[in-house]
Amino acid sequence: MKLLRYGPSGQEKPGILDAAGRIRDLSAHVPDLAGDVLSDAGLARLRAIDPATLPLVSGEPRIGACVGHVGKFIGIGLNYADHAAEAGMPVPKEPVVFGKWTSSICGPNDGIDIPKGSVKTDWEVELGVVIGAKCKDVDEARALDYVAGYCVVNDVSEREWQIERGGQWDKGKGFDTFGPIGPWLVTRDEVPDPQRLDLWLEIDGHRYQNGNTRTMVFTVAQLVAYLSTCMTLQPGDVITTGTPPGVGMGVKPSPVFLKAGQTVRLGIEGLGEQLQRTRDAQ
C-alpha cells in the first residue's frame, strides 16, 4: 500500500493511493496514520479495504508528512562510505546517531525555509524507515519485522550550525522545515529489499546526488537493531538512514549551498518524489 496524509498543515487526513494513482480518503476507518494503525494488524485491516469503495479526494490537496504524531525523528550520519569521504570524515565503526526535532517535520512539497543569516543550508536525500511496533533489544534477523514501511526524507542541514559552532549535530539538523517526509508511506510488503533502492536529488534541474542503498555502511536491519539497544522504538518513530555522496558541502572545487528561490527535487525508487522551493525564513 501507498499511504499518505493530505490537507492543511495540522489538519491532515489519512488517505491511500488507488491503482490509478488517485487519493482515496481513509478517515472513516482510521483517525490518522499513527500509533497502532501502523502495526501489522492495523495495516492488515487497511489492506482488506477495497480502495474503490473509498471516497475519491478531488482537486490537488496539499500532501503532508506521511506519518503523524512522530515521537522520535532519528538521524544516522555518514552511513555511506563515499559520503563520509567527501565530508572528510572517517567511515564510522558504529552508527552515528543524532536527533532531528519533530518540529522540523513538514510535507514533501512544502517550502524549505533558509534560516536567518544562513549561508550553508544543504540537502540530503535519504531513505526513511517508519517503525510499526514497539521495539527493544531486537536481533538484526528480526529487525525488519518491526518496520511499518519506508518513505523519502530530505535531511536538510545547516552546516555551520552542525559542524562549525561546536556541540552536537542536532542544532544544525532541526530548523523548521528541515524534515520533509513523504509523499507516501510504502508498506514493507511492497519493499522486499530496502538495500536495493536507487535515490537521487536535483537542484534547479542539476543532478547532484545519485546513489543506491546497497552502499550503506549499516543496513536498515542493523540500524533498527542497534537503535533498539539504546532506546525503545515506538510506532510512528522515523529513522532517516543517511545520504549518498553529492551534498552541497562536498562539491569541488567550491561547496554549493541553497539560496532562496531554488527548486529541490528528490526521490527514491518506488517511494515517490518530493519537490520543494526554498525561501528566506520570516
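Backbone N, Cα and C define each Cβ position, glycine as well.
Positions annotated as Mg(2+) binding site by Swiss-Prot: Glu124, Glu126, Asp155. There are 24 other CB atoms within 10 A of the CB of Glu124 (Mg(2+) binding site), with all protein chains counted.
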Secondary structure at Glu124 (Mg(2+) binding site), reduced by DSSP to three states: coil
